[in-house]
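Annotated features in TrEMBL:
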type: DOMAIN; residues: 559-609; note: domain 'Cationic amino acid transporter C-terminal'
type: TRANSMEM; residues: 45-67; note: transmembrane segment
type: TRANSMEM; residues: 79-98; note: transmembrane segment
type: TRANSMEM; residues: 110-131; note: transmembrane segment
type: TRANSMEM; residues: 168-191; note: transmembrane segment
type: TRANSMEM; residues: 203-223; note: transmembrane segment
type: TRANSMEM; residues: 243-266; note: transmembrane segment
type: TRANSMEM; residues: 324-346; note: transmembrane segment
type: TRANSMEM; residues: 374-392; note: transmembrane segment
type: TRANSMEM; residues: 499-520; note: transmembrane segment
type: TRANSMEM; residues: 526-545; note: transmembrane segment
type: TRANSMEM; residues: 557-580; note: transmembrane segment
type: TRANSMEM; residues: 586-604; note: transmembrane segment
Amino acid sequence: MIVSMQDKGEALLSKCSKGFKSLVRRKQVDSVHVRREGHQLARKLTALDLTAIGVGTTIGAGVYVLVGTVAREHTGPALTVSFLIAGLAAALSAFCYAELASRCPSAGSAYHYAYICIGESVAWLIGWSLILEYTIGGAAIARGISPNIALFLGGEGNLPAFLVRHTIPQLGVVVDPCAAILVLIVTFLLCAGIKESSLVQTIVTTANVCAMLFIIVAGGYLACKTGWVGYELHGRFFPFGLNGMLAGSAIVFFSYIGFDAVTGAAEETKRPLRDLPLGIGMTLTLCCILYMLVSVVIVGLVPYYALNPDTPISSAFSANGMQWAAYIVTAGAVTALCASLMGSLLPQPRLLMAMARDGLLPAFFSDISTRTQVPVKSTVTTGMLAAVLAFFMDVSELSGMVSVGTLLAFTVVAISILILRYAPPEEVPLPSSLQQFIDSVRKQLDDDSQSMERKEFNDADIVEQRPSQSEYGEASIQYPLIEKQFCEEKQNPRRRRNIAIWNIALFCIGVLVLTSAASVEYLPSLGAVGAAILLCSLVVLACLNQDEARHSFGHTGGFLCPFVPFLPAACILINSYLLMSLGVGTWIRVSIWLIMGALVYISYGWRHSSLTNAVYVPMAYLDHIYRASSSHQV
């Protein structure tokens, strides 16, 4: 009976160990060796197309309102500085995205990077969070378009009757037919093909940028005529102090969210190693310049305390006798929202496709149209869901959940950079169908290794057979000493790797403790502990050499993130602080969504993962195995 209980305990322990390993199992970089038949997207996008997608997704209508509220309540004339600081903070994430996008140019964006560098469970949670972000974000943007169209036409009374919002008395729900129709139109465009939809995106984004250029040029001309009255405040450039300016930076940081949509189209880019980093960099640079110039002009036209919080730009032009400019500003807001809607609905079908390829979602989502070469089924599904939400629900209260998904993705991408540089995956999964080639290559390499060991042993015997004293009277080198030195050299990389892994984990713990304490004012001692852990682990990482295997990880020759580990560390810290600063209500809603995701993963994804029966082999074996497999097929 004791033996039976011991066997049961060992079996339970084995199951727990297997379950934990399945949570952290990692896949290899797609498209390095993997070639999927029937699952290829069309590679038609250039750096210009990616820039149009990124700028269109990033510059929403919020900037047309944001300049008024932030300048009035937080920054004053220093709004431009806040936009600059927020742009630099966003650039930290952009650098991390640029390296991973060029190394791993496949659909899925942050989900794909987390699956390769961290593990399946974290990748699932990121993918599940991004599904929520894209769905709610698309519905919220669509609900914001119809009021702007009505404003452009002179009021809701001028809209066609079938587009006007109305209330269902029995349910007390305000339905928005215009929002739902716009979502369906965008869905149709996305199903037509990536090149066609990117062309429409480029046209709409160009119209939005032209509206912003009009604001900058015409507003600058008016400000020069009036003497830049908004800055005549007798040295009060920072009326709310440094804290106010930094608080403004935290708010306007969210106006830079959207550049990551570029990586969602990685698998459809002609030259991903060059164009993906270029598209990300051009997107962020152009958005930062436009934001700063618009803020300079608007705050210069009207004193910050006199800005209209709802329509700051239109009111600023009206105050200077250009009432007609409101039409151009409103047209710019409408085009900005339309471009953002397309940018929000573009990455989600590709994310679902990537998760379905990995077996975490049903294979239905991985189907690609042979005619248009886009995931039509995923696109229609997500479009219909977003249209229903836009029609029935006022999702403005859920907009904070969009920020959680984005900031979680930014944080995980930065952590992935640290893992890639200091502890890249040593083993990669291969399908069990290659088992015979794996065994063959492993046997061949083991035989070669044994031959080398025998040769070294014979060489050592020759050394031992020589006189035990040299002409200088020193003892000869014995084989055990050679073996000891050789083993130490072999163990040093392993020791360095373990130290790096532990310090990356400690750094993340320190960031979590510090940001949690910063969000609760009465825990300064806990913040000091977190800061100490953070700094010590960062210093250790900075002193360690980066892993040599990083040079051969994924696609080589692309963009490399500079200033590692400091740049990713700053990125993790900033994004974690912004996550902790979100409201309790937002976190409760996000937690419910994540718990639902965990249940879906346990009930379906964990069991159907493509890595369930995968065989893990060392990276050094990979090329040999694929060569053996290719020669056998020939």
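Backbone N, Cα and C atoms are what each Cβ position is placed from, and that goes for glycine too.
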Stretch of maximal Cβ-Cβ contact with the transmembrane segment (203-223) [cut-off: under 8 Å; candidates 168-191, 243-266, 324-346, 374-392, 499-520]: 324-346
Contacting positions for the transmembrane segment (110-131) when only residues 6+ beyond its ends and CB under 8 Å are counted: 22-30, 100, 104, 260, 263, 347-348, 351-352, 354-355, 358, 360, 404-405, 408-410, 412-413, 415-416, 419-420, 424-425, 554, 590, 593-594, 597-598, 600-601, 605, 609, 611
Of 243-266, 324-346, 499-520, whichever stretch has the most CB pairs under 8 A to the transmembrane segment (168-191): 324-346
Residues of the parent chain within Cβ reach of the transmembrane segment (324-346), under 8 Å, 6 or more residues beyond its termini: 53-61, 63-64, 134, 137-138, 141-142, 144-145, 148-149, 151-152, 182-183, 186-187, 189-190, 197, 200-201, 204-205, 207-208, 210-212, 214-215, 218, 258, 261, 264-265, 311, 313-314, 317-318, 379, 382-383, 386
Close approaches to the transmembrane segment (526-545) from elsewhere in its chain (Cβ under 8 angstroms; 6 or more beyond its ends): 418, 422, 496, 499-500, 503-504, 506-507, 509-518, 565-566, 569, 573
Surrounding residues of the transmembrane segment (243-266) on its own chain - C-beta under 8 Å, 6+ positions past either end: 45, 50-51, 53-54, 57-60, 62-63, 66, 70-71, 74-76, 78-79, 81-83, 85-87, 89-90, 93-94, 97, 100-101, 104-110, 194, 272, 276, 279-280, 283-284, 287-288, 291, 340, 343-344, 346-347, 350-351, 403, 406, 409-410, 578, 581
For the domain 'Cationic amino acid transporter C-terminal' (559-609), mean pLDDT (0 to 100): 92
Helix-strand-coil residue split for the domain 'Cationic amino acid transporter C-terminal' (559-609), DSSP-based: 40 helix, 0 strand, 11 coil
